[in-house]
Amino acid sequence: MLIIETLPLLRQQIRRWRQEGKRIALVPTMGNLHEGHMTLVDEAKTRADVVVVTIFVNPLQFERPDDLAHYPRTLQEDCEKLTRHGADLVFAPAAADIYPAGLEKQTYVDVPALSTILEGASRPGHFRGVSTIVSKLFNLIQPDVACFGEKDYQQLALIRKMVADMGYDINIVGVPTVRAKDGLALSSRNGYLTEEERQIAPQLSKIMWALAEKMALGERQIDALLEDAAAQLLRAGFTPDELFIRDAETLQPLTVDSQQAVILMAAWLGKARLIDNQLVDLRH
């Protein structure tokens with residue numbers, strides 16, 4: 001497996017693969033990899049000849065400098081895991097290479113229809129940072145396919161819209177959320193949980209699934225459902241952050257024409273902000 005840190009070497013390798021007619025898959029990450037990331041790599045391997053994994057802690061995605069400073073950097077361990085799963089290249093650039101003009105003078109890519117609603121409303125600039133770095137990586141690596149986890153539902157929707165609007169010829173693949181045996185969605189931030197908090201954490205998904213079941217049975221009092229879920233989270237020990245029920249396709253409020261809903265949940269447990277989502281078929 002190749003490990004490349006500079007743009008010239010990356011471009012040279014991508015050019016070589018293109019000349020050889022190789023189909024390229026991309027898995028963008030911020031490192032601190034877990035089994036959920038490995039599932040993305042495994043999926044990518046089924047869809048391309050070579051798999052590029054990027055490891056870059058993107059400063060544009062962090063609102064708080066302390067959060068950026070404390071984000072785990074585990075490049076050596078990450079590369080060992082990726083070698084075992086058959087990745088072909090790890091691109092791990094420095095921020096100065098990705099943003100040579102500095103963050104203040106950086107040219108941004110924004111998807112305003114999705115970047116400022118829901119989670120974006122409380123995290124200004126976050127999704128603009130996501131779309132900017134993903135666009136840069138698409139331009140640098142020129143993948144045929146790119147794999148993203150469905151756990152970050154709004155992020156995946158934003159990337160799909162960016163690809164459609166910007167005319168990228170890239171197949172975006174959403175990969176189902178990987179969970180621990182007790183139902184907790186795998187996340188790099190789970191490492192912030194204490195032992196006691198880790199025992200509580202699966203309640204987030206259980207409360208979400210109970211809400212989804214009520215909706216599947218025909219309950220449509222959205223405000224009441226969300227208030228009940230928030231109360232359950234508080235009783236379990238969480239601090240609710242974001243609770244939404246939206247049209248799964250548009251991320252707008254449900255209408256009589258909505259065929260599928262998505263429940264979007266985010267809650268703090270200690271120092272960890274946990275997120276999850278669940279689709280609900282409304283056609284019954």
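Any Cβ shown, glycine's included, is placed from N, Cα and C.
Bear in mind that the values here come from a model prediction, so they are computed numbers and not experimental data.
Going by Swiss-Prot, these are the annotated features:
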- HIS37: active site, proton donor (ACT_SITE)
- 30-37, 149-152, VAL178, 186-189: ATP binding site (BINDING)
- GLN61: beta-alanine binding site (BINDING)
- GLN61, GLN155: (R)-pantoate binding site (BINDING)
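Features recorded in Swiss-Prot, as mapped to the structure shown.
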{"residue": "MET30", "record": "ATP binding site", "DSSP (3 states)": "coil"}
{"residue": "GLY36", "record": "ATP binding site", "DSSP (3 states)": "helix"}
{"residue": "GLN61", "record": "beta-alanine binding site", "DSSP (3 states)": "helix"}
{"residue": "GLU150", "record": "ATP binding site", "DSSP (3 states)": "coil"}
{"residue": "GLN155", "record": "(R)-pantoate binding site", "DSSP (3 states)": "helix"}
{"residue": "VAL178", "record": "ATP binding site", "DSSP (3 states)": "coil"}
{"residue": "SER188", "record": "ATP binding site", "DSSP (3 states)": "helix"}
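Cα separation, HIS37 (active site, proton donor) to GLN155 ((R)-pantoate binding site), rounded: 15 Å. Counting only the Cα atoms, the space from GLN61 (beta-alanine binding site) to GLY36 (ATP binding site) is about 20 angstrom.
It is 14 Å from the Cα atom of MET30 (ATP binding site) to that of GLN155 ((R)-pantoate binding site). Every protein chain considered, the tally of other Cβ atoms within 10 Å of the Cβ of GLY36 (ATP binding site) stands at 19. Within the group of binding-site residues (GLN61, GLN155, SER188), the Cβ with the highest number of other Cβ atoms inside 10 Å belongs to GLN155.
Counting only the Cα atoms, the space from GLY36 (ATP binding site) to GLN155 ((R)-pantoate binding site) is about 16 angstrom.
Looking only at the binding-site residues MET30, LEU33, VAL178, the densest Cβ neighbourhood within 10 Å occurs at LEU33. Taking a C-beta cut-off of under 8 angstroms and a sequence separation of 6 or more, GLU150 (ATP binding site) has the following same-chain neighbours: LEU156, GLY174, VAL175, PRO176, THR177, ASN277. It is 17 Å from the Cα atom of GLN155 ((R)-pantoate binding site) to that of VAL178 (ATP binding site).
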